[in-house]
Amino acid sequence: MLGRAQRTLKRKVCYSGVGVHFGKPAMLTLEPAEENTGVVFSRHAASGQYIPARLANVCGTGRSTTLSSQGGVVSTVEHLLAALYSCGVDNVRIHCSEDEIPIGDGSSQVFVDLIDQAGVEEQGQTVPIARLTHPVYYQHQDTILAAFPSEEFKISYTLHYSHNSAIGTQYRSQVISEESFRKEIAPCRTFALYNELCFLMERGLIGGGCLGNAVLFKDDSVISLGKLRFPDEPVRHKMLDLIGDLSLIGKPFLAHIIAVGSGHSSNIALGNKILEALQYEQELVK
């Protein structure tokens, strides 16, 4: 089985910002963690409210991914998780002063910068890299997700917004490595359609949303601070979300993920199918 040394941060780092949905200022702290800890969130450390970043702890997928365990809740975790997973950080303790991770500029860039500020170091234990050996599928209405055996971690994503010509149909296929994530995926911001804003606000969401942390699409126009960072920034951000959600499998793995119009709910559904397949394969090896 493939493997590499486990990795953690060299030092503690902090970041303060606003949550995109609830609009509350929050302090985020990332700390080094011991081998085999995994990625663990805490809301109130003194009361023991620890939330491992695992699929079993997903409690919500409405416009973001929310985790809950031992009475603690933390939401909008996917951008931070995508950065940690892609930068190979296996063990880290994350404390957030509020229920929602700060949004930064709507991408993973602020979290990649935090990881660089902290530095990363190898640990003594190894982490196995799992390899999918048979395909798994998930489909719901027009959403299709599949994972196929591969020698690399690759995502091929199709985004189709027939009702918005500024987005239209976008396709991107890319091997995800730390280098490609940093250059091609991490800077890509979350986005919304202009005609969705009232609906989202009525649901108590995007209370902290602004043009500093999201891109708006209205009909055939783009409303953004500056130009799009890539012509296909929306589909790249969808890939970012998918990476963050699949990191909740809890171990690095190799597969070719094919996605058509997926969101957080379907990402998590595929993640559970991949995890089940990997666990089954592990049992066969014993």
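Here the Cβ of each residue, glycine as well, is placed from N, Cα and C on the backbone.
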Of the candidates His79, His95, the one that Swiss-Prot places in the Zn(2+) site of His237, Asp241: His79
Residue among the recorded positions His237, His264 whose Cβ has the most other Cβ atoms within 10 Å: His237
Under 8 Å by Cβ from His79 (Zn(2+) binding site), same chain, sequence gap 6 or more: Ile101, Ile103, Gly104, Gly106, Ser107, Ser108, Phe111, Thr190, Leu240, Asp241, Gly244
Rounded Cα-Cα span from His237 (Zn(2+) binding site) to His264 (active site, proton donor), Å: 12
His237 (Zn(2+) binding site): secondary structure state under DSSP, collapsed to three categories: helix
